[in-house]
């Protein structure tokens, strides 16, 4: 009796599976993923992990070096500052105002930028031209300078600094999304979809948005890195979070005069800012490469 040999058809992996395989095989992307996950945990639970209070002072233990130093104490792993406060506790608690604040600012700028940029990219004529010239004018001003101007009028505080950074990031985000949407709408597949009777909303949601995801991830990564640096810079200039806040930029500015006496009080907050920006960029680049591989 003859037997029919039936072979199951091998299905190619889907877009998400292909993107995840590409992301998982990228070592730098996984480092960024785990690092950003650690930053998220610190933003939420950093105050609970801190062994001491952020304002708790220990008399007689001022300017102790880190514990691995010859004159360090095990009780103060990263040493103390000029007021006898534990540096590790302040760094752990400072992740929320620096990285957490930057994440909130970036999320708000992304949402507003998506709405305004998509609307601007889908329109033509006078409205698009006016918005384009306004964005070009705002982009001519550096983001940090614009944030300093806003804080100078509003007053120094963390909330005002976050608003100023959001206001500085918004034109760049709107301009980038506007350019991506405008370029996609000029392509042939969009024209074909319009000829088939697809509405503008369907074209934007089902055709344009999936094709600008990689560029959008790049812009979000850049915006988050800029937000971390700008919030820290405003704190360093005493225009953002005010002491005794453990915000990393404020810690860096407060300890600047101790750089020759106690260099760890300057190097540790600066290293925290640098590592945070590096991890965000590693994650963003990995996600962008994975999305491109999945789409292709």
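Just so you know, glycine gets a Cβ as well, placed from its N, Cα and C.
In terms of which side of the membrane each occupies, Swiss-Prot places residue 16 together with residue 129. Swiss-Prot lists transmembrane segment for one of the ranges 29-49, 50-70, namely 29-49. Annotated by Swiss-Prot as transmembrane segment, the relevant range among 78-98, 99-119 is 99-119. DSSP assignment over the topological domain 'Periplasmic' (244-257) gives 9 helix, 0 strand, 5 coil.
Proximity of the transmembrane segment (223-243) to the transmembrane segment (99-119) is established through 3 or more Cβ-Cβ distances under 8 Å for residue pairs spaced 6 or more apart. Within its own chain, the transmembrane segment (99-119) is flanked in space by residues 39, 42-43, 131, 158, 161-162, 165-166, 169-170, 173-178, 180-181, 204, 220, 223-224, 227-228, 230-231, 276, which lie at least six positions past its ends and keep a Cβ under 8 Å from the stretch. Note: the topological domain 'Periplasmic' (50-98) comprises 11 helix, 2 strand, 36 coil (DSSP; helix = H, G, I, strand = E, B). Sequence-distant contacts of the topological domain 'Cytoplasmic' (218-222) (same chain, six or more residues past either end, CB-CB distance under 8 Å): 106, 110, 172-173, 176-177, 280-281, 283-285, 287-288.
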